[in-house]
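Colleague: One structure follows; several queries about it will come next.
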Amino acid sequence: MISKTNKSVLIFLVFAFAFFISNLLRSIIATLSPILTSEFNLTAGNLGLLAGGYFLGFTCMQIPLGFLLDKHGPKKIVSSFLIIAIVGTASFALAQNFASLLISRVFIGIGVSACMMGPLTGYRIWFADKYQQRANSWMLMVANIGFVFSTLPVQILLPIIGWRWIFVGITFLIIISIVFILLFIPSWDHKFEKDENKPEGKLSDIWSNKFFKSVIPLGFFNYGGMYAIQTLWAGPWMVRVTGYSPLESAIGLFWINFIALIGFFVWGYILPKISKYGLNSFKLMKFGLPISYLV
């Protein structure tokens, strides 16, 4: 008999594995950019499109995902979408031109699009309220583990097996992730009660919400800008502007992502502890963001 705590840890680890793969795929272009540029004669614009193809597929699915996850649950939706990711990674490994690379990246983005919101949907039902911030922060830590593995480890594997076989390996990791999800994630028996006295929620309600509008710049410029640099442009910049070798660039990316990983782990650990003293995440951001701009 698995205890409730052990079951929660198992659920987190299974989802974390899928999210790790998602972010490995998200940021791997930064490390592969020199070899892809050489092999396919890519421009900086082409590299940007390859990164953007992932986000195009990922972003387009977020609105329908909300409905699908509430209705069918994370187990069914995440495992089903990952099948699309398998198509994307396998086709990327076989790509012969830029167009096929780009289409494959879109499929990858669609396939892993549920790997973040799926777990968060499950956590809000299966985990106690006091652990929500920790679970969310540690999922971001897992994202950075994926980023870390997309740097130096990928660079080490490149001369040994080549980038195509790296994607074949990732394809098998996705298959393993699907098996874990089907075996260990609970079925979705949660039903959201519908209040007949309240009108059905609309997207316009979200866009008109004052709190949502207040955090849009934070998400777009801070979070989006950080990950644009972290997962794509830092690598090419170190090679083309500073003159680093591909290996030195990968080492630089490794340390950027490793420090971010430590940061997410620390915040995930201390936030539940300091929140009892009235120090929530928004108060901390109010003081921390200006410091980050100065740095």
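Backbone N, Cα and C define each Cβ position, glycine as well.
It should be emphasised that the depicted structure is a prediction, and the values quoted were computed from it without experimental measurement.
Copying in the features that TrEMBL gives for the protein in this structure:
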- 11-295: domain 'Major facilitator superfamily (MFS) profile' (DOMAIN)
- 51-69: transmembrane segment (TRANSMEM)
- 81-100: transmembrane segment (TRANSMEM)
- 106-126: transmembrane segment (TRANSMEM)
- 138-158: transmembrane segment (TRANSMEM)
- 164-185: transmembrane segment (TRANSMEM)
- 211-229: transmembrane segment (TRANSMEM)
- 249-271: transmembrane segment (TRANSMEM)
Colleague: Any contact between the transmembrane segment (164-185) and the transmembrane segment (81-100), i.e. 3 or more CB pairs below 8 Å with pairs at least 6 residues apart?
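Modeller: The transmembrane segment (81-100) and the transmembrane segment (164-185): touching, yes.
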Colleague: List, by number or range, the same-chain residues at least 6 past the transmembrane segment (249-271) whose CB is under 8 A from its CB atoms?
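Modeller: Apart from its flanks, the transmembrane segment (249-271) reaches 27, 30-31, 34, 133-138, 140-141, 143-145, 147-148, 150-152, 154-155, 230, 234-235, 238-239, 281.
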Colleague: Looking at 51-69, 81-100, 106-126, which one has the highest count of Cβ pairs under 8 angstroms to the transmembrane segment (138-158)?
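Modeller: Selected stretch: 106-126, with the most Cβ pairs under 8 Å.
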Colleague: Roughly where does the domain 'Major facilitator superfamily (MFS) profile' (11-295) sit in mean pLDDT, to the nearest integer?
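Modeller: It averages 85.
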Colleague: If we skip the immediate neighbours and take only residues 6+ beyond the ends of the transmembrane segment (51-69), which ones have a Cβ under 8 Å from one of its Cβ atoms?
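Modeller: Contacts with the transmembrane segment (51-69): 25-26, 29, 77, 81, 102-103, 105-114, 117-118, 121, 203, 228, 231-232.
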